[in-house]
């Protein structure tokens, strides 16, 4: 009967308790085949998935954004875990002992810790980057360049290497001897459960708290920005229009304009040419004509106005000349002008007038430039609405992706780190199989991440499909 002895091993950023046996055979043949099949499949899916992520960002320009460069770095870490860490740990589980020697053991542990810590650092960078994007939208994007992203990614990897690699590789030389048996593989300075728990606090619990707080702020700020930039509906536009018409743009007393004022009204638009006066006065009429304006007066009015106490603003009165004259021709607009006439809509309230202004075509000849101007303004408005909608869609897409990544990280890493906490106070409370499952869950996080990108980002999903189906011509158009 095998004699199992619990020992300490490694798991990502912490240590895991492994078992060894005197007979060097922990599982039956069927069990070993099953374990190798499952773990080998997970390793293959992890490698393929993260290669797809890296290729997608490389070949699709729509995915070449600062945020996705951070995901590229995270995919590199996940790829290393899938290609090396998963398979080496599977060998350790199936064999029941470490068969590859001390040098390979230390190299594996150093690689495992550095890569796992780099993954956590990348998650922190993604969270902080998104937090500053939504809380400082005017100042931070100017500094958020590709160069800055590269420096942050390099800092994450260098810091992870400095923190773990020298200590793992050279601790035995610092203390003067190697205390890890040849048939086992674990970090020598983490053999104390209290030290292991301290590393778990620094490497998992603290980052999780920081990322959770940041995500809450990101979510609240994103909702606020999306609501603020939401396109106005018809009711809101109508309400604003009515408010504008009711606002006192111009208040004035109703007075009779001085002589010659009406003659100058035609030039107030600034784009109408003053036509020469007619050679002969208008034809005689037996009585005076009256042209009453109820609620509007035009900027091209040429008659004198006369004060009237009724609700109409003015009454236009024409005198009766003595000699006939040819019919007046309509005044021509300047061909170079792109403006139309200005109509002043006026309402009288007591002794004051409330006036609003709107642009209307003066003549058929002026309708075309006015229509061009209107079309340009309409096009600008449509572009602004489209940009606001695109921005809101990007906000939701990035926020969903970050949420999925953080959720996957917390769900897969929490079981093992809870066991680390329990093991600090009770080293015999957790079965060896449970330790192994918790350890593997940390690795499974690297398998889940590419699925999170595809589920939360349609562009990633389409690019994955084009790459898998070898539809390379469609990759550049995937959105």
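Glycine is treated like the rest: Cβ placed from N, Cα and C.
The annotation compositional bias 'Pro residues' is assigned in Swiss-Prot to 275-286.
Summarising the annotation, Swiss-Prot assigns compositional bias 'Polar residues' to 294-304.
What Swiss-Prot records for 105-185 is disulfide bond, and it gives sequence analysis as the kind of evidence. According to DSSP, residue 185 (disulfide bond) is assigned to coil rather than to any helix or strand.
Annotation comment: Swiss-Prot describes 8 (among others) as N-linked glycosylation site, evidence class sequence analysis.
According to Swiss-Prot, the feature N-linked glycosylation site maps to 13 (among others), an assignment based on sequence analysis.
Summed and averaged per residue, pLDDT over the topological domain 'Cytoplasmic' (55-68) gives 92. The topological domain 'Cytoplasmic' annotation in Swiss-Prot covers 55-68 (among others).
The feature topological domain 'Cytoplasmic' is assigned by Swiss-Prot to 129-148 (among others), with similarity to another entry given as support.
For 217-401 (among others), the entry in Swiss-Prot reads topological domain 'Cytoplasmic', with the evidence type similarity to another entry.
Taken from Swiss-Prot, the feature topological domain 'Cytoplasmic' covers 457-479 (among others), and the record attributes it to similarity to another entry.
As annotated by Swiss-Prot, transmembrane segment applies to 32-54 (among others).
Sequence-distant contacts of the transmembrane segment (69-89) (same chain, six or more residues past either end, CB-CB distance under 8 Å): 39-40, 42-47, 49-51, 53-54, 57, 100, 108, 111-112, 115-116, 118-119, 122-123, 125-126, 129, 146, 149-150, 152-153, 156-157, 401, 405, 439-440, 443, 445-447, 449-450, 453. Summarising the annotation, Swiss-Prot assigns transmembrane segment to 69-89 (among others).
For 107-128 (among others), the entry in Swiss-Prot reads transmembrane segment, with the evidence type similarity to another entry.
Taken from Swiss-Prot, the feature transmembrane segment applies to 149-171 (among others).
Residues annotated as transmembrane segment in Swiss-Prot: 194-216 (among others). Packing against the transmembrane segment (194-216) from elsewhere in the chain are residues 8, 12-15, 116-117, 120, 123-124, 127-128, 130-131, 402-403, 406, 409-410, 413, 417, 420-421, 423-424: each is 6 or more residues past its ends and has a CB under 8 Å from a CB in it.
Sequence-distant contacts of the transmembrane segment (402-422), counting only residues of its own chain at least 6 positions beyond either end whose CB sits under 8 Å from a CB of the stretch, comprise 11-12, 14-16, 74, 123, 126-127, 130, 196-197, 200, 204-205, 208, 211-212, 215, 218-219, 429-430, 434-435, 437-439, 441-442, 444-445, 448-449, 452, 455-456. Annotation source Swiss-Prot lists transmembrane segment at 402-422 (among others), citing similarity to another entry.
Summarising the annotation, Swiss-Prot assigns transmembrane segment to 437-456 (among others) and lists similarity to another entry as the type of evidence.
With all protein chains in the displayed structure included, the most crowded Cβ environment within 10 Å among the disulfide-bonded residues 105, 185 is that of 185.
Through the fold, the topological domain 'Cytoplasmic' (129-148) approaches residues 66-67, 69-70, 214, 217-218, 221-222, 225, 395, 398-399, 402 of its own chain, all at least 6 residues removed from its boundaries and within a Cβ separation under 8 Å.
Here the topological domain 'Cytoplasmic' (55-68) is broken down by DSSP into helix, strand and coil counts: 11 helix, 0 strand, 3 coil. Recorded stretches compared: 32-54, 107-128, 437-456; the one with the most Cβ pairs under 8 Å to the transmembrane segment (149-171) is 107-128. Away from its own ends, the topological domain 'Cytoplasmic' (55-68) comes close to residues 126, 129-130, 144-146, 148-149, 398, 459-460, 463-464, 467, 472, 475-476, 478-479 of its chain (Cβ-Cβ under 8 Å, at least six residues beyond either end). DSSP assigns residue 105 (disulfide bond) to a helix.
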